[in-house]
Amino acid sequence: MTTAPIDNIRNFSIVAHIDHGKSTLADRLIQITGGMTDREMAGKEQVLDSMDIERERGITIKAQTVRLNYHAKDGKDYIFNLMDTPGHVDFAYEVSRSLAACEGSLLVVDASQGVEAQTLANVYHALDAGHEIVPVLNKVDLPAAEPEMIKQQIEDVIGLDASDAVMISAKTGFGVPEVLEAIVTRLPPPKGDRTASLKALLVDSWYDVYLGVVVLVRVVDGVMKKGQRIRMMGTNAAYDLERVGYFTPKMTAVDELGPGEIGFITAAIKEVADTRVGDTITDDRKPITEMLPGFKPAIPVVFCGLFPVDADDFETLRAAMGKLRLNDASFSFEMETSAALGFGFRCGFLGLLHLEIIQERLSREFDLDLIATAPSVIYKMKLNDGSEIEIHNPVDMPDVVRIQEIDEPWIEATILTPDEYLGSVLKLCQDRRGNQKELTYVGARAMVKYDLPLNEVVFDFYDRLKSVSKGYASFDYHLTDYKPADLVKMQILVNAEPVDALSMLVHRTRAEGRGRAMVEKMKELIPPHMFVIPIQAAIGGKIIARETVRALRKDVTAKCYGGDVTRKRKLLEKQKEGKKKLRQFGKVDIPQEAFIAALKVDS
């Protein structure tokens, strides 16, 4: 393949909400430009989504790239570098880095659904990156498609001129050649100096069994060659380049990558954690002094405990997590023990979808049955002695008398919903301690902005939002800041013993409702024992809710036919003594489903 002059390179990404046809459009572009033959494409959809879970859920998790050759109508040959970015809020940082590697974006909007919350968030990311944006209306062949209305919506909501939007159906291929021409004529070429010192952006990285860590890079200035010694400026580690190349989508090795090009490098790097997304790569012999802007390490936001249902699976779980960590540096874990659940891990995630995906991959790829404890966030606590601590596990919370103030993280949520569900959506946000910031109407849809505590969102907010809006509302959020909160640690006691896996930090106003719902659920699922079992929810020494599991009754007087009443009484007293002793020393077996159900209750 020839290296084209920099003016003939176009780097672009496709921005879209989940399910609006982003990966399908990418498939068509690859097919038309001959990136893969029709035979290779046959029976294969979403070529760039390599994980099964990406295909099934119809989402893109890792950023992927493909280089395409295109012979345009003006008679020139162009090189297109297409970045397929994640569309979900949890991976917003990966999106921002992928966008930083490009100069333009195709904004794909479903002509039957319109603009969704995540479309908005990603368009703003693209505008922040200084992108030229070409609107593309997909699925125009559907009976429910309303292209003219959606064009107006794009102008009203995003403020983009959509009068010359490209009309396509990615599924059938209709209109896709016009998209290719629009990329040539409407998107700008990259800028870069071939003679300058090497400066490249680390876009993404993943682990390959044979090659070690494969790093996706965008060269800004200079040249990357095989055998060159490079330095990562964020970690200050140096490596010798072993392979340089690009994806077509197959891995293709070349001698060098020049300015404006996107490709991959391998350099015997052992761990993905050594390659931080957004880092700057330079030449070890002629280093540059300034890093590319926008680099920040991935910080976990949501935490939860993962425990194997079968204690024998602990080592398998440890190995499985190690393997996932090879490919996902933003996933962190440390060992923890729980009196109720045994050995497990405390894990950190970028957000709720990230947590779900990791859990699903553990159960699917490694065949593990897991129990997840209640998700929690990072709380900042100011203590009376003037020190500050951060905790994400309710078990680690210091004694209440030592705490001066607890601060919790807040988010700004953008929710788009059809107006008939607006009342239910507003009620849900109010119930979750939200403060409404703004409400605007776009046609028959409302856009609401709310400030919400992250603590209230991580639990089941997304599921509840989908159910109150019949699945039509879409939701996007970003962290804003920490605010003081009246939070208390609620414990669940079974037979007067605290169950550590069920402790959680809740707002004082919601503690009673939450506690009551949990103990009622536990009562249904804990089987009767030979003695009475009290199930209580407590804050400190105060019991706020209680349910009782009645004892099994064995008829000890069945053998007495007639005779004195004292005979019966003696047997009953003996049974009572035995039950008292049992209650003192007897162990209550809490079934796994009781844990799972208690953590899923809705207060």
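Placement of Cβ uses the backbone N, Cα and C atoms for every residue, glycine included.
Keep in mind the model is a prediction, meaning the values are calculated, not measured.
Noted in Swiss-Prot for the protein shown:
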type: BINDING; residues: Asp19, His20, Gly21, Lys22, Ser23, Thr24, Asn138, Lys139, Val140, Asp141; note: GTP binding site
type: DOMAIN; residues: 7-191; note: domain 'tr-type G'
Coarse DSSP state, helix versus strand versus coil, of Ser23 (GTP binding site): helix
Overall pLDDT of the domain 'tr-type G' (7-191), taken as the mean: 76
Neighbour count (Cβ, 10 Å) for Gly21 (GTP binding site): 24
Listed binding-site residues (Ser23, Asn138), ranked by Cβ neighbours within 10 Å, top entry: Asn138
Residue among binding-site residues Asp19, Val140 with least C-beta crowding, 10 angstrom cut-off: Asp19
